[in-house]
Amino acid sequence: MKIEKIEMRRLHLPLKQAFEASIGQQTMRDFLLISVHSEGETGYGESVAMPLPFYNEETTETVLYMMEALLIPMLLKNKIERPEDVARLFAPIRRHHMAKSALEGAVWDLYAKQQGISLAQALGGKRKEIDVGVSVGIEPTVEEVVSKVEGFVAEGYKKIKVKIKPGFDIALIDALRKRFGDDLPLMADANSAYTLDQMDLIKQLDDYNLIMIEQPLAHDDIVDHARLQSQLKTPICLDESIHTVEDARRAIELSSCRIINIKVGRVGGLTESKKIHDLCQENNIPVWCGGMFESGVGRAHNIAITSLSNFKIPGDTAASSRYWKQDIVLPEVEFLRPGVLAVPEGPGIGYEINWEVVKSLQVLEKSFRPENVTIG
Ligand SMILES: O=C(O)CCC(=O)c1ccccc1C(=O)O
Ligand SMILES: [Mg+2]
């Protein structure tokens with residue numbers, strides 16, 4: 001495929017409600033929408049980096065810079081046959097996974113559209129429907145989280161993930177179990193808010209039948225997590241610590257976790273996501289798809305990858321209405337049945353862009369062609 005033009009738009013999409021985690025508060029999604037054009041088709045991708053580097057090291061600005069200085073020129077000046085070539089082309093550049101992933105995702109969408117198949121099919125996904133959960137932020141009081149969870153349980157979400165931090169953990173989980181019983185599929189995500197010194201505290205969480213505890217320890221650790229996992233019945237799930245299939249292999253070898261959260265952006269794209277999925281499958285490690293408050297475009301990519309068979313646990317990919325007054329895709333991402341999303345069967349991501357909404361939200365628009373870019 002000869003890529004003729006790449007467009008980049010920066011959008012400011014306000015969240016319906018502020019979202020708090022141990023790593024900070026979020027009120028607005030500041031992200032980049034990528035369009036890749038070739039032979040009359042357009043593929044779309046989304047950069048999931050946050051405005052500030054509190055989740056990982058990337059930011060909206062570092063993604064903008066890497067794309068403009070290197071990644072977009074490289075993509076326009078080189079010949080791509082298949083989406084997997086994009087990962088190979090970008091491989092000499094260390095990290096910047098979210099920047100790479102946004103472009104690679106757009107090329108995957110484009111490729112699927114050119115083949116006349118869905119993105120899920122292009123990735124080898126078989127599932128027609130996926131179960132989804134919801135990630136619930138920290139509130140000023142335990143009661144407020146319980147009441148939020150009440151709403152999401154009523155909507156039919158198949159998994160409830162609550163954010164925890166020291167001082168907002170045991171009492172929260174205890175209150176949720178008291179209110180909803182032992183059968184509610186419940187998990188906690190700490191975003192690295194604890195250390196091994198708090199082993200006794202973390203062990204108290206072990207008595208609540210949680211599906212998993214996500215990333216309790218340092219964002220770059222797999223050694224302490226192995227020590228912690230050996231002391232817990234509850235599976236540990238790694239999010240921040242896994243950036244590549246090699247990271248996943250090492251974590252599996254060390255028994256640092258029993259579940260892996262695959263975020264397409266964090267691992268540099270769909271090609272790497274698929275590799276991690278396959279490795280985990282061979283090792284009986286179930287995976288699930290984490291969210292980064294994606295707009296409908298990133299959400300569609302998440303739905304497509306979740307159609308692969310080892311995505312055995314409901315992901316964070318909730319419906320558009322959980323986040324936005326109005327999403328940037330048509331139709332919006334809606335439940336087929338409570339807690340269930342359909343995997344689109346149309347070409348590519350299977351959603352159209354709502355350009356009226358995009359134009360109303362965009363704060364920057366840039367266009368790149370092979371003849372007007374230079375690498376570096
Ligand atoms: O609803 C979502 O998209 C997931 C929200 C979420 O948990 C999250 C959002 C931003 C950064 C990190 C995380 C996380 O999973 O740790
Ligand atoms: Mg997480």
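Each position is counted from 1, following the chain as shown.
Including glycine, each Cβ sits where the backbone N, Cα and C put it.
Model, not experiment: these values are computed from the prediction.
Residue density at LYS163 (active site, proton donor): 24 other Cβ atoms are found within 10 A of its Cβ, drawing on all protein chains shown. Here TrEMBL flags LYS163 as active site, proton donor.
Taken residue by residue with DSSP, LYS263 (active site, proton acceptor) is part of neither helix nor strand, so it is coil. Feature annotation from TrEMBL assigns active site, proton acceptor to LYS263.
According to its DSSP assignment, GLU214 (Mg(2+) binding site) is in a strand. In sequence order, LYS161, MET187, ALA188, ASP189, ALA190, ASN191, ILE236, CYS237, LEU238, ASP239, ASN261 constitute the residues six or more apart from GLU214 (Mg(2+) binding site) in its chain with CB-CB distances below 8 Å. Among the features that TrEMBL reports, Mg(2+) binding site is placed at ASP189, GLU214, ASP239.
Positions annotated as domain 'Mandelate racemase/muconate lactonizing enzyme C-terminal' by TrEMBL: 142-235. Model confidence over the domain 'Mandelate racemase/muconate lactonizing enzyme C-terminal' (142-235) stands at 98, taken as the mean pLDDT rounded to a whole number.
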Among ASP189, GLU214, LYS263, the recorded positions whose C-beta sits under 6 Å from ligand 1: ASP189
Among ASP189, ASP239, the most crowded of the binding-site residues [Cβ within 10 Å]: ASP189
Rounded to the nearest Å - Cα separation of LYS163 (active site, proton donor) and LYS263 (active site, proton acceptor): 17
Those recorded positions in LYS163, ASP189, ASP239, LYS263 whose CB falls under 6 A of ligand 2, listed in sequence order: ASP189, ASP239
For the domain 'Mandelate racemase/muconate lactonizing enzyme C-terminal' (142-235), the number of residues DSSP places in helix, strand and coil: 47 helix, 12 strand, 35 coil
